[in-house]
Amino acid sequence: MDDNKRPLYLPFAGPAILEAPLINKGSAFSEEERIFFNLEGLVPYAIETIEEQASRAYDQFRSFNNDLDKHIYLRNIQDTNETLFYRLVQNNISEMMPIIYTPTVGLACERFSKNYRRNRGLFISYPNKDRIDDILNNSTRQKVKIIVVTDGERILGLGDQGIGGMGIPIGKLSLYTSCGGISPAYTLPITLDVGTDNPQLLEDPMYMGWRHPRIGGEEYAEFIEAFMQAVHVRWPDTLIQFEDFAQKNAMPILERYKDRYCCFNDDIQGTAAVAVGCLLAACKAAGTELNQQRIAFLGAGSAGCGIAEAIVAQMVSEGISDEQARTQVCMVDRWGLLLDNMPNLLPFQQKLAQKCANIQNWNNFSDNISLLDVVNNAKPTVLIGVSGVPGLFTEEIIRAMHSHCARPIIFPMSNPTSRVEATPKDILHWTSGQALVATGSPFEPVVVDGETYEIAQCNNSFIFPGIGLGVLASGARHVSDAMLMASSRALAECSPLAIDGTGPLLPKLEDIHAVSKHIAFAVGKVAVEQGLTLPMSDEILQQSIEGNFWKPEYRRYKRTSF
(Lines of atoms letter the chains of each structure in order from A and count residues from 1; the text may use other names and numbers.)
(Lines give C-alpha, C1' and ligand atoms only; values in the text may rest on other atoms or scores of the structure.)
Protein backbone atom coordinates (compact mmCIF):
# COMPACT_ATOMS: atom_id res chain seq x y z
CA MET A 1 0.00 0.00 0.00
CA ASP A 2 1.23 3.48 -0.89
CA ASP A 3 2.48 5.26 2.25
CA ASN A 4 0.41 8.30 1.29
CA LYS A 5 -2.76 6.16 1.51
CA ARG A 6 -2.00 4.93 5.01
CA PRO A 7 -3.08 7.04 7.99
CA LEU A 8 -0.30 8.46 10.15
CA TYR A 9 -0.78 8.02 13.89
CA LEU A 10 0.26 11.03 15.98
CA PRO A 11 0.62 11.07 19.78
CA PHE A 12 0.34 14.85 20.18
CA ALA A 13 -2.17 17.57 19.37
CA GLY A 14 -2.83 21.29 19.38
CA PRO A 15 -0.33 23.99 18.36
CA ALA A 16 2.56 21.49 18.38
CA ILE A 17 1.22 19.99 15.14
CA LEU A 18 1.13 23.39 13.45
CA GLU A 19 4.76 23.95 14.48
CA ALA A 20 6.00 20.68 12.92
CA PRO A 21 6.84 21.33 9.23
CA LEU A 22 6.81 17.65 8.25
CA ILE A 23 3.29 17.21 9.66
CA ASN A 24 1.56 20.59 9.38
CA LYS A 25 -1.23 20.87 6.81
CA GLY A 26 -2.41 24.36 7.73
CA SER A 27 -5.86 24.99 6.29
CA ALA A 28 -6.00 21.47 4.80
CA PHE A 29 -6.76 19.66 8.07
CA SER A 30 -10.12 17.92 7.73
CA GLU A 31 -13.02 18.64 10.09
CA GLU A 32 -12.44 15.32 11.83
CA GLU A 33 -8.72 16.05 12.27
CA ARG A 34 -9.44 19.52 13.63
CA ILE A 35 -11.69 18.02 16.30
CA PHE A 36 -9.48 15.06 17.26
CA PHE A 37 -6.27 17.10 17.35
CA ASN A 38 -7.69 20.18 19.12
CA LEU A 39 -7.12 22.43 16.11
CA GLU A 40 -10.53 24.10 15.90
CA GLY A 41 -10.10 27.85 15.97
CA LEU A 42 -6.33 27.61 15.43
CA VAL A 43 -6.75 27.74 11.64
CA PRO A 44 -9.39 29.55 9.54
CA TYR A 45 -12.74 27.80 9.04
CA ALA A 46 -12.34 26.93 5.34
CA ILE A 47 -10.92 23.49 4.54
CA GLU A 48 -8.67 23.70 1.48
CA THR A 49 -6.94 21.25 -0.82
CA ILE A 50 -3.18 21.35 -1.23
CA GLU A 51 -3.65 22.73 -4.75
CA GLU A 52 -5.70 25.63 -3.40
CA GLN A 53 -2.97 26.32 -0.86
CA ALA A 54 -0.32 26.11 -3.57
CA SER A 55 -2.24 28.56 -5.76
CA ARG A 56 -2.33 31.13 -2.96
CA ALA A 57 1.35 30.56 -2.18
CA TYR A 58 2.27 31.00 -5.84
CA ASP A 59 0.44 34.33 -6.01
CA GLN A 60 2.34 35.46 -2.91
CA PHE A 61 5.62 34.24 -4.43
CA ARG A 62 5.01 36.28 -7.58
CA SER A 63 4.34 39.41 -5.53
CA PHE A 64 8.01 39.71 -4.51
CA ASN A 65 10.17 41.90 -6.71
CA ASN A 66 13.60 40.30 -6.28
CA ASP A 67 14.94 36.76 -6.20
CA LEU A 68 16.39 36.91 -2.69
CA ASP A 69 13.01 37.88 -1.24
CA LYS A 70 11.44 35.03 -3.20
CA HIS A 71 14.08 32.66 -1.78
CA ILE A 72 13.36 33.80 1.77
CA TYR A 73 9.62 33.42 1.20
CA LEU A 74 10.00 29.84 -0.07
CA ARG A 75 12.26 28.94 2.85
CA ASN A 76 9.61 30.29 5.23
CA ILE A 77 7.04 27.98 3.65
CA GLN A 78 9.48 25.07 3.92
CA ASP A 79 9.99 25.81 7.61
CA THR A 80 6.22 25.89 8.15
CA ASN A 81 4.78 23.22 5.84
CA GLU A 82 7.22 21.03 3.91
CA THR A 83 4.56 19.16 1.95
CA LEU A 84 3.14 22.42 0.61
CA PHE A 85 6.64 23.70 -0.14
CA TYR A 86 7.44 20.68 -2.30
CA ARG A 87 4.07 20.74 -4.06
CA LEU A 88 4.65 24.40 -4.91
CA VAL A 89 8.17 23.72 -6.20
CA GLN A 90 7.04 20.63 -8.10
CA ASN A 91 4.29 22.63 -9.82
CA ASN A 92 6.76 25.37 -10.85
CA ILE A 93 10.12 23.59 -11.01
CA SER A 94 11.68 25.59 -13.86
CA GLU A 95 10.74 28.92 -12.29
CA MET A 96 11.66 28.03 -8.73
CA MET A 97 14.82 25.93 -9.01
CA PRO A 98 16.97 29.02 -9.73
CA ILE A 99 15.41 30.56 -6.62
CA ILE A 100 15.91 27.71 -4.16
CA TYR A 101 19.33 26.84 -5.58
CA THR A 102 21.79 28.44 -8.00
CA PRO A 103 22.14 31.27 -8.63
CA THR A 104 20.02 32.81 -5.83
CA VAL A 105 21.32 30.50 -3.10
CA GLY A 106 24.73 32.18 -3.41
CA LEU A 107 23.32 35.51 -2.25
CA ALA A 108 21.36 33.72 0.46
CA CYS A 109 24.62 32.21 1.75
CA GLU A 110 26.31 35.61 1.79
CA ARG A 111 23.43 37.03 3.84
CA PHE A 112 22.73 33.93 5.92
CA SER A 113 23.38 35.45 9.35
CA LYS A 114 21.58 38.70 8.51
CA ASN A 115 18.49 36.89 7.22
CA TYR A 116 18.47 34.05 9.77
CA ARG A 117 14.94 33.23 10.95
CA ARG A 118 14.59 29.62 12.06
CA ASN A 119 16.82 26.63 12.69
CA ARG A 120 17.15 23.93 10.03
CA GLY A 121 19.72 21.14 10.08
CA LEU A 122 22.70 20.79 12.40
CA PHE A 123 25.67 23.07 13.07
CA ILE A 124 28.61 21.11 14.45
CA SER A 125 31.22 23.58 15.70
CA TYR A 126 34.83 22.75 16.42
CA PRO A 127 34.64 23.87 20.09
CA ASN A 128 31.97 21.15 20.49
CA LYS A 129 34.15 18.45 18.92
CA ASP A 130 33.86 16.18 21.97
CA ARG A 131 30.05 16.24 21.84
CA ILE A 132 29.37 15.31 18.21
CA ASP A 133 27.43 12.20 19.25
CA ASP A 134 25.14 14.32 21.44
CA ILE A 135 24.62 16.87 18.67
CA LEU A 136 23.60 14.17 16.18
CA ASN A 137 21.17 12.79 18.74
CA ASN A 138 19.61 16.26 19.01
CA SER A 139 18.39 16.07 15.42
CA THR A 140 14.63 16.09 14.97
CA ARG A 141 15.08 13.71 12.01
CA GLN A 142 15.36 10.14 13.32
CA LYS A 143 15.47 8.11 10.09
CA VAL A 144 18.14 10.01 8.20
CA LYS A 145 19.10 8.40 4.90
CA ILE A 146 20.86 11.27 3.09
CA ILE A 147 23.14 13.92 4.60
CA VAL A 148 24.62 16.85 2.69
CA VAL A 149 27.53 18.36 4.61
CA THR A 150 29.76 21.39 4.00
CA ASP A 151 32.41 23.29 5.91
CA GLY A 152 31.52 26.49 4.04
CA GLU A 153 35.02 27.19 2.71
CA ARG A 154 34.35 27.20 -1.04
CA ILE A 155 30.73 28.14 -1.56
CA LEU A 156 29.99 28.17 -5.31
CA GLY A 157 32.37 30.79 -6.72
CA LEU A 158 32.00 32.99 -3.65
CA GLY A 159 34.72 31.56 -1.42
CA ASP A 160 34.63 31.25 2.36
CA GLN A 161 31.13 31.91 3.71
CA GLY A 162 31.57 30.23 7.10
CA ILE A 163 28.29 28.91 8.48
CA GLY A 164 26.51 30.84 5.74
CA GLY A 165 27.40 27.85 3.62
CA MET A 166 24.47 26.05 5.28
CA GLY A 167 22.34 27.42 2.44
CA ILE A 168 24.00 24.89 0.13
CA PRO A 169 23.11 21.68 2.04
CA ILE A 170 19.59 23.00 2.59
CA GLY A 171 19.26 23.78 -1.12
CA LYS A 172 20.78 20.49 -2.28
CA LEU A 173 18.48 18.44 -0.09
CA SER A 174 15.51 20.44 -1.37
CA LEU A 175 16.50 19.19 -4.83
CA TYR A 176 16.95 15.61 -3.60
CA THR A 177 13.28 15.76 -2.66
CA SER A 178 11.80 17.87 -5.46
CA CYS A 179 13.82 16.15 -8.23
CA GLY A 180 14.63 12.72 -6.80
CA GLY A 181 11.60 11.95 -4.68
CA ILE A 182 13.55 11.49 -1.45
CA SER A 183 11.23 12.03 1.52
CA PRO A 184 12.23 15.21 3.39
CA ALA A 185 11.92 13.18 6.60
CA TYR A 186 15.02 11.24 5.46
CA THR A 187 17.24 14.27 4.80
CA LEU A 188 19.56 16.26 7.05
CA PRO A 189 21.71 19.32 6.16
CA ILE A 190 24.87 19.71 8.24
CA THR A 191 27.45 22.48 8.46
CA LEU A 192 30.83 21.82 10.05
CA ASP A 193 31.78 25.12 11.68
CA VAL A 194 35.58 25.11 11.75
CA GLY A 195 35.95 28.88 11.77
CA THR A 196 36.33 31.24 8.84
CA ASP A 197 39.13 33.14 7.15
CA ASN A 198 36.70 35.68 5.71
CA PRO A 199 37.58 38.97 7.47
CA GLN A 200 34.18 40.48 6.65
CA LEU A 201 32.47 37.69 8.57
CA LEU A 202 34.88 37.83 11.50
CA GLU A 203 34.20 41.54 11.84
CA ASP A 204 30.44 41.31 11.26
CA PRO A 205 28.58 41.69 14.58
CA MET A 206 25.71 39.64 13.15
CA TYR A 207 27.84 36.65 12.11
CA MET A 208 26.46 33.61 13.95
CA GLY A 209 29.33 31.15 13.55
CA TRP A 210 32.48 30.45 15.56
CA ARG A 211 34.59 33.62 15.34
CA HIS A 212 37.97 32.06 14.81
CA PRO A 213 40.39 31.53 11.91
CA ARG A 214 39.82 28.22 10.16
CA ILE A 215 41.51 25.23 11.72
CA GLY A 216 43.62 23.03 9.46
CA GLY A 217 46.14 20.22 9.41
CA GLU A 218 45.76 17.45 11.98
CA GLU A 219 43.10 19.32 13.95
CA TYR A 220 40.90 19.53 10.87
CA ALA A 221 41.53 15.92 9.82
CA GLU A 222 40.74 14.62 13.31
CA PHE A 223 37.53 16.67 13.42
CA ILE A 224 36.37 15.25 10.08
CA GLU A 225 37.25 11.74 11.26
CA ALA A 226 35.26 12.20 14.47
CA PHE A 227 32.29 13.47 12.47
CA MET A 228 32.33 10.59 9.98
CA GLN A 229 32.60 7.97 12.71
CA ALA A 230 29.79 9.56 14.71
CA VAL A 231 27.47 9.69 11.71
CA HIS A 232 28.19 6.05 10.92
CA VAL A 233 27.30 5.05 14.47
CA ARG A 234 24.11 7.16 14.53
CA TRP A 235 22.89 6.31 11.02
CA PRO A 236 25.04 3.45 9.65
CA ASP A 237 23.24 3.22 6.29
CA THR A 238 23.07 6.91 5.40
CA LEU A 239 24.50 8.39 2.19
CA ILE A 240 26.83 11.32 2.87
CA GLN A 241 27.33 13.94 0.17
CA PHE A 242 30.31 16.28 0.60
CA GLU A 243 29.59 19.76 -0.71
CA ASP A 244 31.72 22.86 -1.36
CA PHE A 245 34.86 21.87 0.53
CA ALA A 246 38.01 23.74 -0.51
CA GLN A 247 40.24 22.17 -3.14
CA LYS A 248 42.95 21.30 -0.61
CA ASN A 249 40.47 19.25 1.43
CA ALA A 250 37.88 17.98 -1.05
CA MET A 251 39.90 15.28 -2.80
CA PRO A 252 41.78 14.01 0.30
CA ILE A 253 38.49 13.65 2.20
CA LEU A 254 36.90 11.78 -0.68
CA GLU A 255 39.88 9.45 -1.08
CA ARG A 256 39.99 8.79 2.67
CA TYR A 257 36.34 7.84 3.07
CA LYS A 258 34.87 6.62 -0.23
CA ASP A 259 35.79 2.99 0.47
CA ARG A 260 34.91 3.15 4.17
CA TYR A 261 31.47 4.73 4.02
CA CYS A 262 28.65 5.33 1.57
CA CYS A 263 29.64 8.80 0.37
CA PHE A 264 30.55 10.94 -2.62
CA ASN A 265 31.63 14.48 -3.41
CA ASP A 266 29.13 16.26 -5.61
CA ASP A 267 31.55 19.00 -6.71
CA ILE A 268 34.02 16.40 -7.96
CA GLN A 269 31.97 13.34 -8.87
CA GLY A 270 28.49 14.78 -9.40
CA THR A 271 29.78 17.59 -11.60
CA ALA A 272 31.87 15.07 -13.52
CA ALA A 273 28.93 12.73 -14.01
CA VAL A 274 26.60 15.41 -15.39
CA ALA A 275 29.36 16.83 -17.60
CA VAL A 276 30.11 13.40 -19.08
CA GLY A 277 26.39 12.82 -19.60
CA CYS A 278 26.17 16.13 -21.47
CA LEU A 279 29.26 15.27 -23.49
CA LEU A 280 27.92 11.88 -24.49
CA ALA A 281 24.68 13.51 -25.66
CA ALA A 282 26.62 16.20 -27.56
CA CYS A 283 28.86 13.62 -29.23
CA LYS A 284 25.81 11.67 -30.35
CA ALA A 285 24.28 14.86 -31.78
CA ALA A 286 27.54 15.64 -33.59
CA GLY A 287 27.74 12.10 -34.96
CA THR A 288 30.97 11.16 -33.21
CA GLU A 289 32.31 9.28 -30.18
CA LEU A 290 33.75 10.70 -26.99
CA ASN A 291 37.03 8.83 -27.47
CA GLN A 292 37.61 10.84 -30.65
CA GLN A 293 37.39 14.22 -28.93
CA ARG A 294 40.21 16.59 -28.01
CA ILE A 295 39.28 18.40 -24.83
CA ALA A 296 40.55 21.62 -23.26
CA PHE A 297 39.72 22.64 -19.70
CA LEU A 298 39.94 26.11 -18.23
CA GLY A 299 40.21 25.47 -14.51
CA ALA A 300 42.31 22.66 -13.05
CA GLY A 301 40.95 22.46 -9.53
CA SER A 302 39.33 19.44 -7.96
CA ALA A 303 36.10 19.91 -9.94
CA GLY A 304 37.85 20.32 -13.31
CA CYS A 305 40.20 17.42 -12.70
CA GLY A 306 37.31 15.30 -11.47
CA ILE A 307 35.48 15.91 -14.74
CA ALA A 308 38.65 15.17 -16.71
CA GLU A 309 39.22 11.87 -14.90
CA ALA A 310 35.62 10.83 -15.56
CA ILE A 311 36.05 11.68 -19.25
CA VAL A 312 39.26 9.64 -19.39
CA ALA A 313 37.47 6.68 -17.79
CA GLN A 314 34.64 6.92 -20.31
CA MET A 315 37.11 7.16 -23.22
CA VAL A 316 38.88 4.03 -21.96
CA SER A 317 35.54 2.21 -21.75
CA GLU A 318 35.07 3.09 -25.44
CA GLY A 319 38.23 1.27 -26.41
CA ILE A 320 41.32 3.51 -26.21
CA SER A 321 44.16 3.24 -23.72
CA ASP A 322 44.39 5.34 -20.57
CA GLU A 323 47.65 6.84 -21.84
CA GLN A 324 46.11 7.83 -25.18
CA ALA A 325 43.04 9.32 -23.49
CA ARG A 326 45.21 11.56 -21.30
CA THR A 327 47.05 12.95 -24.33
CA GLN A 328 43.66 14.17 -25.60
CA VAL A 329 42.92 16.23 -22.47
CA CYS A 330 44.60 19.59 -21.83
CA MET A 331 44.22 21.28 -18.43
CA VAL A 332 44.76 25.06 -18.29
CA ASP A 333 44.81 27.06 -15.06
CA ARG A 334 46.06 30.50 -14.04
CA TRP A 335 49.65 29.41 -14.78
CA GLY A 336 48.79 28.10 -18.22
CA LEU A 337 48.75 24.55 -19.56
CA LEU A 338 49.66 21.99 -16.90
CA LEU A 339 52.92 20.29 -17.87
CA ASP A 340 54.67 17.37 -16.22
CA ASN A 341 57.78 19.47 -15.46
CA MET A 342 55.86 22.03 -13.39
CA PRO A 343 56.67 22.18 -9.68
CA ASN A 344 54.00 22.24 -6.96
CA LEU A 345 51.28 20.46 -8.91
CA LEU A 346 48.78 18.72 -6.66
CA PRO A 347 48.67 14.91 -6.92
CA PHE A 348 45.37 14.89 -8.83
CA GLN A 349 46.78 17.51 -11.26
CA GLN A 350 49.99 15.56 -11.89
CA LYS A 351 48.02 12.70 -13.44
CA LEU A 352 46.50 15.08 -16.00
CA ALA A 353 49.57 17.21 -16.82
CA GLN A 354 50.67 17.00 -20.45
CA LYS A 355 54.10 15.58 -21.15
CA CYS A 356 56.47 18.22 -22.48
CA ALA A 357 57.31 15.90 -25.36
CA ASN A 358 53.71 16.14 -26.55
CA ILE A 359 53.97 19.87 -27.25
CA GLN A 360 57.41 20.02 -28.90
CA ASN A 361 55.86 20.61 -32.31
CA TRP A 362 53.47 23.35 -31.18
CA ASN A 363 53.86 26.79 -32.75
CA ASN A 364 53.82 30.33 -31.37
CA PHE A 365 53.06 29.74 -27.73
CA SER A 366 54.05 31.82 -24.72
CA ASP A 367 56.11 30.74 -21.72
CA ASN A 368 52.92 30.08 -19.80
CA ILE A 369 50.92 28.32 -22.47
CA SER A 370 47.55 30.10 -22.64
CA LEU A 371 44.14 28.73 -23.51
CA LEU A 372 44.40 30.43 -26.92
CA ASP A 373 47.75 28.68 -27.48
CA VAL A 374 46.09 25.36 -26.63
CA VAL A 375 43.17 26.05 -28.99
CA ASN A 376 45.49 26.97 -31.86
CA ASN A 377 47.80 23.98 -31.39
CA ALA A 378 45.83 21.12 -29.84
CA LYS A 379 42.73 22.09 -31.84
CA PRO A 380 40.21 20.93 -29.23
CA THR A 381 36.71 19.91 -30.19
CA VAL A 382 35.46 20.35 -26.61
CA LEU A 383 35.97 23.35 -24.32
CA ILE A 384 34.95 23.17 -20.65
CA GLY A 385 35.11 26.10 -18.24
CA VAL A 386 35.26 25.56 -14.47
CA SER A 387 37.45 28.56 -13.63
CA GLY A 388 34.96 30.72 -11.75
CA VAL A 389 36.27 33.75 -13.67
CA PRO A 390 33.87 35.52 -16.07
CA GLY A 391 34.66 36.34 -19.68
CA LEU A 392 37.69 34.09 -20.21
CA PHE A 393 36.13 32.37 -23.23
CA THR A 394 36.82 35.33 -25.51
CA GLU A 395 35.53 35.85 -29.02
CA GLU A 396 39.05 35.19 -30.35
CA ILE A 397 39.24 31.84 -28.57
CA ILE A 398 35.75 30.70 -29.61
CA ARG A 399 36.22 31.74 -33.25
CA ALA A 400 39.63 30.04 -33.33
CA MET A 401 38.05 26.85 -32.05
CA HIS A 402 35.20 27.05 -34.56
CA SER A 403 37.70 27.53 -37.41
CA HIS A 404 38.89 23.93 -37.04
CA CYS A 405 35.72 22.34 -35.61
CA ALA A 406 32.37 22.61 -37.37
CA ARG A 407 30.31 21.83 -34.26
CA PRO A 408 32.35 22.76 -31.20
CA ILE A 409 31.12 21.52 -27.83
CA ILE A 410 31.41 24.38 -25.34
CA PHE A 411 30.45 24.13 -21.66
CA PRO A 412 31.00 27.30 -19.58
CA MET A 413 30.07 25.63 -16.30
CA SER A 414 31.10 28.13 -13.63
CA ASN A 415 28.50 29.25 -11.09
CA PRO A 416 26.81 31.58 -10.40
CA THR A 417 25.74 33.31 -13.61
CA SER A 418 27.96 36.31 -12.91
CA ARG A 419 31.05 34.08 -13.12
CA VAL A 420 30.33 32.25 -16.36
CA GLU A 421 33.27 32.10 -18.83
CA ALA A 422 31.04 33.24 -21.72
CA THR A 423 27.32 33.60 -22.23
CA PRO A 424 25.47 31.19 -24.53
CA LYS A 425 24.31 34.17 -26.57
CA ASP A 426 27.88 35.19 -27.38
CA ILE A 427 29.05 31.63 -28.04
CA LEU A 428 26.20 30.89 -30.44
CA HIS A 429 26.60 34.19 -32.30
CA TRP A 430 30.37 33.69 -32.63
CA THR A 431 29.78 30.19 -34.06
CA SER A 432 26.74 31.03 -36.22
CA GLY A 433 24.58 28.77 -34.07
CA GLN A 434 26.78 25.71 -34.59
CA ALA A 435 28.13 25.30 -31.05
CA LEU A 436 26.63 22.70 -28.73
CA VAL A 437 26.31 24.63 -25.47
CA ALA A 438 25.58 23.73 -21.87
CA THR A 439 26.04 25.98 -18.86
CA GLY A 440 26.27 25.61 -15.10
CA SER A 441 23.60 28.23 -14.39
CA PRO A 442 20.25 28.82 -16.11
CA PHE A 443 20.10 30.98 -19.25
CA GLU A 444 17.25 32.07 -21.48
CA PRO A 445 16.92 30.61 -25.01
CA VAL A 446 19.06 32.27 -27.67
CA VAL A 447 17.90 33.31 -31.15
CA VAL A 448 20.47 33.19 -33.97
CA ASP A 449 19.43 33.88 -37.58
CA GLY A 450 15.80 33.26 -36.69
CA GLU A 451 16.52 29.90 -35.02
CA THR A 452 15.81 29.49 -31.30
CA TYR A 453 18.27 27.43 -29.27
CA GLU A 454 17.33 26.07 -25.85
CA ILE A 455 20.27 26.19 -23.43
CA ALA A 456 20.89 23.09 -21.35
CA GLN A 457 21.81 23.73 -17.75
CA CYS A 458 24.62 21.28 -17.02
CA ASN A 459 23.46 21.24 -13.44
CA ASN A 460 24.20 18.50 -10.95
CA SER A 461 20.50 18.39 -10.13
CA PHE A 462 20.10 16.14 -13.16
CA ILE A 463 22.46 13.61 -11.55
CA PHE A 464 22.71 13.56 -7.76
CA PRO A 465 18.99 13.08 -7.00
CA GLY A 466 18.96 9.99 -9.22
CA ILE A 467 22.16 8.71 -7.63
CA GLY A 468 20.65 9.18 -4.17
CA LEU A 469 17.42 7.46 -5.17
CA GLY A 470 19.38 4.58 -6.71
CA VAL A 471 21.50 4.14 -3.58
CA LEU A 472 18.43 4.18 -1.32
CA ALA A 473 16.38 1.86 -3.52
CA SER A 474 19.19 -0.67 -3.95
CA GLY A 475 20.65 -0.41 -0.45
CA ALA A 476 24.15 0.11 -1.89
CA ARG A 477 26.93 0.25 0.70
CA HIS A 478 29.22 2.46 -1.40
CA VAL A 479 29.07 4.79 -4.41
CA SER A 480 31.45 3.26 -6.94
CA ASP A 481 33.01 4.83 -10.03
CA ALA A 482 31.03 2.38 -12.16
CA MET A 483 27.77 3.59 -10.58
CA LEU A 484 28.69 7.19 -11.41
CA MET A 485 29.59 6.25 -14.98
CA ALA A 486 26.24 4.49 -15.30
CA SER A 487 24.50 7.68 -14.18
CA SER A 488 26.23 9.63 -16.98
CA ARG A 489 25.17 7.16 -19.64
CA ALA A 490 21.62 7.09 -18.33
CA LEU A 491 21.44 10.89 -18.44
CA ALA A 492 22.72 10.95 -22.03
CA GLU A 493 19.97 8.50 -22.98
CA CYS A 494 17.41 11.11 -21.90
CA SER A 495 18.76 13.89 -24.18
CA PRO A 496 16.12 15.58 -26.41
CA LEU A 497 18.82 16.59 -28.90
CA ALA A 498 18.66 13.19 -30.54
CA ILE A 499 15.09 14.03 -31.60
CA ASP A 500 15.35 17.79 -32.25
CA GLY A 501 18.56 19.18 -33.74
CA THR A 502 18.00 22.56 -32.10
CA GLY A 503 16.84 21.12 -28.80
CA PRO A 504 18.82 21.25 -25.55
CA LEU A 505 21.44 18.68 -24.59
CA LEU A 506 19.55 17.85 -21.41
CA PRO A 507 15.85 17.24 -20.74
CA LYS A 508 13.50 19.87 -19.42
CA LEU A 509 13.27 20.18 -15.66
CA GLU A 510 9.60 19.25 -15.97
CA ASP A 511 10.82 15.75 -16.91
CA ILE A 512 13.20 15.48 -13.95
CA HIS A 513 11.23 12.78 -12.11
CA ALA A 514 11.41 10.41 -15.07
CA VAL A 515 15.10 11.24 -15.54
CA SER A 516 15.89 10.62 -11.87
CA LYS A 517 14.11 7.27 -11.90
CA HIS A 518 15.97 6.25 -15.07
CA ILE A 519 19.30 7.18 -13.49
CA ALA A 520 18.35 5.49 -10.21
CA PHE A 521 17.68 2.22 -12.02
CA ALA A 522 21.03 2.37 -13.86
CA VAL A 523 22.89 3.17 -10.63
CA GLY A 524 21.09 0.50 -8.61
CA LYS A 525 21.62 -2.13 -11.28
CA VAL A 526 25.39 -1.57 -11.23
CA ALA A 527 25.37 -1.71 -7.42
CA VAL A 528 23.72 -5.13 -7.64
CA GLU A 529 26.14 -6.32 -10.33
CA GLN A 530 29.14 -5.22 -8.26
CA GLY A 531 27.90 -6.95 -5.13
CA LEU A 532 27.53 -3.67 -3.25
CA THR A 533 24.06 -4.69 -2.10
CA LEU A 534 21.90 -7.78 -1.78
CA PRO A 535 20.96 -9.56 -5.02
CA MET A 536 17.70 -8.38 -6.55
CA SER A 537 15.96 -8.66 -9.90
CA ASP A 538 15.39 -5.72 -12.20
CA GLU A 539 11.69 -5.91 -11.35
CA ILE A 540 12.32 -5.72 -7.60
CA LEU A 541 14.75 -2.82 -8.09
CA GLN A 542 12.18 -0.92 -10.14
CA GLN A 543 9.54 -1.55 -7.49
CA SER A 544 11.92 -0.30 -4.81
CA ILE A 545 12.56 2.90 -6.78
CA GLU A 546 8.83 3.56 -7.08
CA GLY A 547 8.28 2.66 -3.43
CA ASN A 548 10.96 5.10 -2.27
CA PHE A 549 9.69 7.94 -4.47
CA TRP A 550 7.94 10.37 -2.14
CA LYS A 551 5.13 12.59 -3.41
CA PRO A 552 4.07 15.91 -1.83
CA GLU A 553 0.60 14.79 -0.82
CA TYR A 554 -1.10 15.08 2.56
CA ARG A 555 -1.70 11.94 4.60
CA ARG A 556 -4.66 11.28 6.87
CA TYR A 557 -3.90 11.57 10.57
CA LYS A 558 -5.22 9.46 13.41
CA ARG A 559 -4.67 10.21 17.05
CA THR A 560 -2.98 7.73 19.35
CA SER A 561 -1.97 7.89 23.00
CA PHE A 562 1.65 8.36 24.10
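Note that Cβ sites are derived from N, Cα and C of the backbone, with glycine treated the same way.
Not measured: the values here are computed from a predicted model.
Among the candidates Asp266, Asp267, the residue that Swiss-Prot names alongside Arg154, Asn415 for the NAD(+) site is Asp267.
Distances between the Cα of Arg154 (NAD(+) binding site) and those of the recorded positions Tyr101, Lys172, Glu243 are shortest for Glu243. Taking the C-alpha atom of Tyr101 (active site, proton donor) as reference, the shortest distance to any of the recorded positions Lys172, Asp244, Asp267, Asn415 belongs to Lys172. For the recorded site, Lys172 (active site, proton acceptor), the DSSP three-state label reads helix. Take the mean position of the Cβ atoms of Arg154, Asp267, Asn415, the recorded NAD(+) site; other residues of that chain with a Cβ within 8 Å of it are Ile155, Leu156, Gly157, Asp244, Ala303, Gly388. When secondary structure is read from DSSP and collapsed to three states, Tyr101 (active site, proton donor) falls in the coil class. Fewest other C-beta atoms within 10 Å: among the binding-site residues Glu243, Asp244, that description fits Asp244.
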